[in-house]
Amino acid sequence: MNGYFFSFEGPEGAGKTTMIGKLESFLRGRGFDVMVTREPGGVRIAEAIRALILNREYTEMDGRTEALLYAAARRQHLLEKIVPALEAGRVVLCDRFVDSSLAYQGFARGLGVEEVWKINEFAIDGYMPSLTVYFDIDPHIGLERIRQNREREVNRLDLESLSFHDKVREGYRELAKRFTDRIVVIDASRPLDDVFSETAAAVLSRLEGRSKRDFHESGRDDSHWT
Ligand SMILES: Nc1ncnc2c1ncn2[C@@H]1O[C@H](COP(=O)(O)OP(=O)(O)OP(=O)(O)O)[C@@H](O)[C@H]1O
Ligand SMILES: Cc1cn([C@H]2C[C@H](O)[C@@H](COP(=O)(O)O)O2)c(=O)[nH]c1=O
């Protein structure tokens with residue numbers, strides 16, 4: 001596997017999409033072959049699952065159903081898009097990956113991180129990002145940012161209570177403590193340029209400083225929760 005797999009995580013409105021867009025131009029300018037994608041989504045079947053999960057009308061959706069749908073979307077996305085890009089030596093920038101399921105469904109929804117990890121372990125079959133950038137932000141600030149962004153549609157998860165969003169953040173922080181080698185934490189409440197320079201530095205150091213062997217092994221090392 002010649003490519004590099006980076007995921008970007010955080011509560012609503014943390015700035016993931018904005019930072020990925022800036023990073024894409026930055027890395028392309030340095031000659032990297034970059035592919036940007038997102039979860040849930042990225043390929044036809046996963047985008048259809050996204051529309052189903054995030055539909056505001058489906059208020060009756062059970063938590064386990066939700067977790068299984070995210071994992072199913074992830075499986076299809078990984079096989080159809082991420083793995084081929086990595087095999088082609090590309091740099092993959094993925095807006096959310098398995099940590100979203102651990103933080104949202106495992107912690108905030110209360111399904112349990114181990115349980116959610118188990119179904120995802122089946123879905124991802126050992127593929128993990130070599131680096132995950134976690135944009136840490138108080139959900140009050142993040143939700144206010146998205147409220148002010150009129151182009152962004154409000155989805156079913158956005159409508160969860162503030163205490164749910166607080167738990168999402170708590171979950172991410174626990175994951176960051178658990179996976180210190182893989183997850184880098186960035187304070188996303190600061191001005192855009194500051195957040196970007198720290199993000200670019202973290203990604204570049206991983207791209208320039210790690211061999212293919214390190215990349216492969218870091219994925220395997222992380223592939224268990226307990
Ligand atoms: N550091 C920042 N300071 C102020 N505003 C920001 C910052 N980063 C992003 N924003 C703004 O916040 C809003 C949300 O940003 P963005 O869509 O990138 O977040 P996101 O993490 O992808 O959100 P979500 O996952 O909820 O869709 C946008 O209007 C964006 O311009
Ligand atoms: C991958 C994944 C996502 N979620 C949640 C997080 C967000 O509320 C939405 C996705 O919307 P975004 O605007 O693209 O960030 O889905 C989740 O709960 N579990 C997951 O695995």
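Every residue, even glycine, has its Cβ placed from backbone N, Cα and C.
Remember, it's a predicted structure, so these values are computed and weren't measured experimentally.
Feature annotations, courtesy of TrEMBL:
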BINDING   G10, P11, E12, G13, A14, G15, K16, T17  ATP binding site
DOMAIN    8-197  domain 'Thymidylate kinase-like'
Query: Considering only the binding-site residues P11, G13, A14, which possess a Cβ situated under 6 angstroms from at least one atom of ligand 1?
result: G13, A14
Query: Other than its own, how many Cβ atoms are within 10 Å of the Cβ belonging to E12 (ATP binding site)?
result: 20
- line: P11 (ATP binding site), DSSP three-state class -> coil
Task: Return the residues near T17 (ATP binding site), defined as same-chain residues 6+ apart in sequence whose C-beta is under 8 angstroms from its C-beta, sorted by sequence, else 'none'.
output: R38, D95
Message: Among P11, G15, the binding-site residues in question, whose Cβ has the most other Cβ atoms within 10 Å in this structure?
response: P11
